[in-house]
Amino acid sequence: MLSYQHKFHAGNHADVFKHLTLIALMSKFNQKSKPYFYLDTHAGEGKYPLSSVQIHQDEYAFNALSFSQDLAELKAYRKIFKKYKQNDEYPGSPAFAIEMAREQDNLHFNELANDAFGDLKYFIHRTGSVHHRNAFEVLKGLMPPKPNRGMVLIDPPYEDADEYNQVHEAVCSALRKWPNGTFAIWYPLLASRRINRKTKQLENTPKSGMSEQMVLSLAEAVECPMMDVTFNFTDNDGSVGMYGSGICIINPPFKVDASIREILSLLESEVAMNGVNQSSLTWLNPQL
């Protein structure tokens, strides 16, 4: 299913959380001069007109950031955001990755939707390789990557319930060929109830709890360090729809958890609604 479009979610609380975490991860890879591999499996257009992002004024969480805190990831986010804002644009994950990477790094971006792929290809130009295939086929085809250090960002729409299982299988398969690779898997946190877009009536959320189950099944399947990070934008009790999001990180870079804890603290104080502080960072395989 290709009805999901990144631009309709660009700049919301989940996007800001994802991009700050991406900056934290890539910053760790940048600490060594050796080149690294980077793959974004669901890249979208790469950047978006700021006017289209701001249509959803209740969601564009980047506007809630004061940029007053002395946090390295926030400073990097602000620098990149300001660069694109000058052209009335909002940077997507590919834009943040391009700005964070060095000339020697090997960047790959994939997008299956035709319109989004055209925009992505034009945006990336010569700064990386662009793929127009099924995300999990690309992941399989590029394993093991060169160079042998780096990360994969997996950010599916999860429109089809089977995508949770597809992520599980694709990551486990990739790890068998690239056991030291870092995988950052974004997922939505869904309340048990949602509003039907057509009828505007409350109904049960069929995929509620599937993200959490996917993370637990990955923790049982992989034999490497893994941590689970969640940011609750609002209180789950009584919430409708997506109340937050999470990022499962397999083989996280050394001490990146300290940076991500600071990011969560920032988001709770400046982005979360009504002072909600239900975010978490949990090591699922700490002994490995």
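Cβ from N, Cα, C; glycine included.
What TrEMBL records for Y4 is site 'Interaction with substrate rRNA'.
The S-adenosyl-L-methionine binding site annotation in TrEMBL covers H19, H42, S93, E111, N134, A135, D155. In sequence order, T41, H42, N110, L112, I154, P156, A170 constitute the residues six or more apart from A135 (S-adenosyl-L-methionine binding site) in its chain with CB-CB distances below 8 Å.
According to TrEMBL, the feature active site, proton acceptor maps to D155. D155 (S-adenosyl-L-methionine binding site): 24 other CB atoms within 10 A of its CB, across all protein chains. In the three-state DSSP assignment, the secondary structure recorded for D155 (S-adenosyl-L-methionine binding site) is coil.
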Sparsest Cβ surroundings (other CB atoms within 10 Å) among the binding-site residues H19, H42: H42
Least Cβ-crowded entry, counting other Cβ within 10 Å, from the binding-site residues listed as S93, N134: N134
Around the Cβ of E111 (S-adenosyl-L-methionine binding site), the count of other Cβ atoms that are within 10 Å: 29
